[in-house]
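Right, one structure below, let's go through it.
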């Protein structure tokens, strides 16, 4: 679809509300205003006006705002109508606007996409709009605001600028090999490269924190029947999310809870007890349990401390350990310390972290919560932080790889051409984050996940 079309959409959620907002952006925003309002509102000044149908009858009345481009969110002429929030009246207004020649319904995220294409926002800032809307905690919302205001983009621009300056030196050494000073071997370039690598690593650390705030961690509670998995889910959730009985196999299906640990989203999944299935329903539940385990970020292996003195997973349940995906983080949770009299503690057993606690009484739960945060490297600090997506982490990792490869070329052989190429590729990877270097396919995937009116 053409970017020169005039687009319109609801900017508020569907359903009843006190206020409903319609947004129009494009070259026909002013003619739409004249047709609908009988006049063009003064720029950037709220006016209370009737919203009229094509026969002159009043459909609604409310606040009209007109923002001439380029001084608007999208960089185009923008009309905003704030009327009553009834779905019927909003639909009538939307039909009235779309009936005008040259106006169409906006695609998801098209307003933000136009803001990006018109240099009102870079890509990381545009993504921050969606992240702010989807924020599930106060910390995530604050970090999304920081990203929207350019905190993340600013760090990336600083790195790109440093890389640009470094490339100038390297290109000079390549283009003027007969100069008396050998820029590549004198140490200046290596020192500058090390500085950029260190700065990039600091940004990567902050980005990983931002990604945890946005995505959270998927923790699957697994174990044999009646080990206390559902009790642990309830203890972490702070409510009775799962039915708990003394009957083994009470949980037949996957149960999910979404909580926060000092701002970090935690997706807790309780699964059916793993054993040879007694019936078809239980067999299906166990299959689903294994699917969740295989996709987990972390597995909590529940052990019934009252039923066995063993805690070493390799001895206690070798078949379970053998089936886990390679490299899967596993924490052994030895439950029912209130019955066994064992001390609440964190220890190591055969390379696995072992936490002894009581899910029923809550003793030792703070140890588990702290461990879960530490296992993902979450620090909880958000002041000045920003949110990051998986694609941002991938781009930062790619840039770091190219810089390390460039350093190897410089230190081992002083190959200026190869170093210059690695620096160029690193800069390109960083530019993908802000959208200075992005494919149309990437832009389409990003903006299609936005709300219609954003």
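Using N, Cα and C of the backbone, Cβ positions are placed for all residues, glycine too.
Pulled from Swiss-Prot:
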- 23, 80, 120, 454: (6S)-5-formyl-5,6,7,8-tetrahydrofolate binding site (BINDING)
- 226-231, 245-251, 270-273, 335-338: GTP binding site (BINDING)
- 226, 245, 247, 250: K(+) binding site (BINDING)
- 230, 251: Mg(2+) binding site (BINDING)
- 216-377: domain 'TrmE-type G' (DOMAIN)
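Secondary structure from DSSP puts residue 230 (Mg(2+) binding site) in a helix. When the binding-site residues 23, 120, 229, 336 are compared by the number of other CB atoms within 10 angstroms of each CB, 120 has the fewest. Confidence annotation: the domain 'TrmE-type G' (216-377) carries a mean pLDDT of 83 in the model.
When the CA atoms are compared, the binding-site residues lying within 10 A of residue 230 (Mg(2+) binding site) are 272, out of the candidates 23, 80, 120, 272, 336. Of all the Cβ atoms in the protein chains shown, 20 others lie within 10 Å of the Cβ of residue 226 (GTP binding site). Residue 230 (Mg(2+) binding site) counts 24 other C-beta atoms within 10 Å of its own C-beta, drawing on all protein chains shown. Proximity of residue 80 ((6S)-5-formyl-5,6,7,8-tetrahydrofolate binding site) to non-local residues of its own chain (separation of 6 or more, Cβ distance below 8 Å) is seen for 11, 21, 22, 23, 24, 64, 65, 66, 67, given in sequence order. In the shown protein chains, 27 other C-beta atoms lie within 10 A of the C-beta of residue 272 (GTP binding site).
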